[in-house]
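As structure tokens, the structure follows; a few thoughts come after it.
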Amino acid sequence: MTSVAGPHKRLEGKVAIITGGASGIGACTAELFHENGAKVVIADIQDDLGQALATKLGGKACYIHCDVSKEDEVINLVDTTVAKYGRLDIMFNNAGIIEGQGLPVSVVESEKSDLDRLLSVNLGGAFLGAKHATRVMVQQRKGCILFTSSVCTSIAGLSGHAYAASKSGVCGLAKNLTPELGKYGIRVNCISPYGLVTGVSNVSGEGEANREFVEAMLSELGTLSGQTLRADGIAKAALFLASDEAYYVSGINMVVDGGYSVVNPRLVDSINSKL
């Protein structure tokens, strides 16, 4: 009898760290990477969720507590991963926080403390993750560093100023790392999602009804009719960028927004009203 080959595992044999991996985009990506053959290290401060996910995924996954704003914890994360698995192929700097409810706030009502907090986690955490992953990947002469940014890097007025500043900084960091790390065979890319409901999105409130309401609102505001962006859409983008299929893709900001950022809705509405 001829055996039938199983589905192609796009990350077979690779080792991946996913920060913010206990919930939302991170958890969805951890599951997808695991399904595709990767050994997955889930890094987060949500210990119960992170450990539960690692247990669910089984032997090729583990959980490590890590506050990405603290360099000693990021060093421990990377060093423990390499000690356990012998290498590091993919560093997905996904951990992030929002300000307030994630909605636009007047600059005069914004607090410096919020800016400091968001820069420390969103941008500082991305910087530290890239820095210490690079230590390992340079020796391997190969690797992939990914960042989660936001569609607010492409279109203004969608978020608070501190959040927009932190996520724009992430895109700038990724772009600036690209030529330096390219010399060592390391690819660097950003993923910038349109609005979606995740564990970090306080706008969803509590309960499935609120989640469905916000998803419906985001879908209606979006440009791509009949589709709703969920965490799996970002996980699939990360899978492509982390896989060998993207072997020559580096330095991009992959905006996953259904075309939202290329449209001027006010202009479109004005034209349509006159037709």
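Just so it is clear, glycine is given a Cβ too, placed from its N, Cα and C backbone atoms.
What Swiss-Prot annotates here:
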type	residues	note
BINDING	17-41	NAD(+) binding site
BINDING	Ser150	substrate binding site
ACT_SITE	Tyr163	active site, proton acceptor
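The distance from the Cα of Ile17 (NAD(+) binding site) to the Cα of the residue listed as 'substrate binding site' comes to 20 Å. Neighbour density at the Cβ, taken as the number of other Cβ atoms within 10 Å, is lowest among the recorded positions Phe33, Tyr163 for Tyr163. Taking the C-alpha positions, the distance from the residue listed as 'active site, proton acceptor' to Val41 (NAD(+) binding site) comes to 26 Å. On a Cα basis, the residue listed as 'substrate binding site' lies 12 Å away from Ile25 (NAD(+) binding site). Gly21 (NAD(+) binding site) carries neither a helix nor a strand DSSP state and counts as coil. Annotation for Thr29 (NAD(+) binding site): spatial neighbours Ile18, Gly21, Phe92, Asn94, Ala231, Ile234, Ala235, Ala238, Leu239, criterion Cβ-Cβ under 8 Å with sequence separation of six or more. The Cβ of Gly37 has fewer other Cβ atoms within 10 Å than any other of the binding-site residues Gly21, Gly37. For the recorded site, Ser150 (substrate binding site), the DSSP three-state label reads coil. Across the fold, the C-alpha of Phe33 (NAD(+) binding site) and the C-alpha of Ser150 (substrate binding site) stand 21 Å from each other. Proximity of Val41 (NAD(+) binding site) to non-local residues of its own chain (separation of 6 or more, Cβ distance below 8 Å) is seen for Val15, Ala16, Ile17, Ile18, Gly21, Ala61, Cys62, Tyr63, Ile64, Leu77, Thr80, Thr81, Lys84, Tyr85, given in sequence order. Sequence-distant contacts of Ser150 (substrate binding site), defined by Cβ-Cβ distance under 8 angstroms and a gap of at least six in the same chain, are Ser159, Tyr163, Ala164, Lys167, Ser192, Pro193. Just so you know, the Cβ of Ile17 (NAD(+) binding site) picks up 30 other Cβ atoms within 10 Å once every protein chain is counted.
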